[in-house]
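Beneath this line is the structure, given in structure tokens, with notes to follow.
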Amino acid sequence: MSENKAHITVNNKKIELSVRKGTLGPGVIEIASLYKETDTFTYDPGFTSTASCESKITYIDGDKGILLYCGYPIDQLAEKGDFLESCYLLLYGELPTKQEKIDFDRCIMQHMMVHEQFTRFFHGFRRDSHPMAVMVACLGAMSAFYHDSIDIKDAQQRMIAAIRLISKVPTLAAMAYKYSIGQAFVYPRNDLSYAANFLHMCFSVPCEEYKINPVLSRAMDRIFTLHADHEQNASTSTVRLVGSSGANPFACIAAGVACLWGPAHGGANEACLKMLQKIGSVERIPEFIARAKDKNDPFRLMGFGHRVYKNYDPRAKIMQQTCHEVLKELNIQDDPLLDIAIALENTALNDEYFIEKKLYPNVDFYSGITLKALGFPTEMFTVLFALARSIGWVAQWKEMIEDPAQKIGRPRQLYTGYAAREYVSIDKRISKNKMTTQ
């Protein structure tokens with residue numbers, strides 16, 4: 001990495017800071033000495049201009065629409081490989097050889113079963129519990145069921161925990177779905193692929209044979225690959241921050257799942273489907289398009305544009321292709337929401353307003369439609385996102401633990417509250433709050 005210097009003057013004191021340049025993307029100013037030298041912090045709400053770590057895993061260029069896993073473009077990985085190949089890549093930094101792929105796949109498939117006591121653990125939840133609430137609990141509980149792999153200082157235990165998370169999260173996700181609809185849990189099968197196994201555990205029933213549709217299985221696999229990692233987003237940063245305290249890996253991933261549950265992060269595809277429900281019919285699309293263009297109208301089209309990608313989301317093109325393959329394979333012709341989605345897509349792609357502002361349908365738009373076509377209810381969408389992102393969280397956590405520069409996260413603040421004041425006895429206080437109790 002090349003290095004030069006930045007100079008900053010604070011309170012008439014000029015200091016010199018190192019500037020580091022990565023392989024790709026913007027450089028960073030190292031500010032660790034800023035507080036010591038100037039008694040001043042930097043202020044960056046949301047950390048949108050702050051690099052919290054050094055990483056070799058995922059790179060994003062939002063202006064150019066680039067997403068790389070360990071240097072490999074996402075479209076190549078999704079089209080030419082499969083999800084477990086991307087898992088290996090994110091975990092080890094290189095694509096596997098043929099034999100390494102065979103061994104890794106076998107290892108994952110042989111660890112997909114979960115402890116049998118998990119079946120009783122599920123019965124502690126209401127049937128109408130949100131699946132994400134169940135997943136947060138299950139991921140945290142894994143440290144109780146698999147406490148032989150929670151020593152983060154042991155490299156072998158770290159890798160065992162990583163393998164267990166990649167292999168068992170789809171089983172737990174399928175169990176959460178089955179429990180919510182009152183059906184029997186389905187055990188994984190070692191002869192099926194990762195994605196096919198997940199579909200089998202979700203949709204097969206004991207009374208009849210479930211046949212794997214290769215088109216649908218491939219679509220599920222692509223969805224997993226496209227969502228495997230996305231640099232230092234909110235949930236990944238949460239995993240790293242929790243992990244910096246020395247928490248066990250299962251607790252860290254549970255924290256990531258909890259963060260992903262937030263509608264501003266992982267709930268975008270679910271929000272997109274709810275928007276389609278709000279539109280209601282193809283005939284009302286022009287009305288909502290007009291509302292989306294009106295700056296004074298609070299309505300926003302979900303699933304269009306992206307906070308990071310100022311150009312086209314590189315995952316969207318593959319997801320669009322996959323979406324249409326699924327719709328064609330299933331020959332869905334009488335689903336009102338899918339009709340609205342397809343019509344809305346065509347309208348937006350040909351509307352000058354959306355073209356000029358580069359508000360293209362993003363990966364959430366197409367993945368939401370695809371998941372609905374596959375038969376998943378909207379409340380499962382974020383669970384599937386968490387399933388796919390588990391490998392990214394695991395890889396980022398592992399990288400952080402193995403970083404010699406790693407230390408516990410401790411963000412600072414700009415304090416704007418009261419200065420020191422004297423305690424007032426309760427009989428002399430005057431209420432300044434408008435609190436109501438019931």
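Cβ atoms here come from the backbone N, Cα and C positions, even for glycine.
Quantities reported herein were computed from a predicted structural model and do not represent experimental measurements.
Among the features that Swiss-Prot reports, active site is placed at HIS306 (among others). The Cβ neighbour count for HIS306 (active site), using a 10 Å radius over every protein chain in view, is 21. The DSSP secondary structure for HIS306 (active site) is coil.
Just so you know, the Cβ of ASP364 (active site) picks up 27 other Cβ atoms within 10 Å once every protein chain is counted. Swiss-Prot lists ASP364 (among others) with the feature active site.
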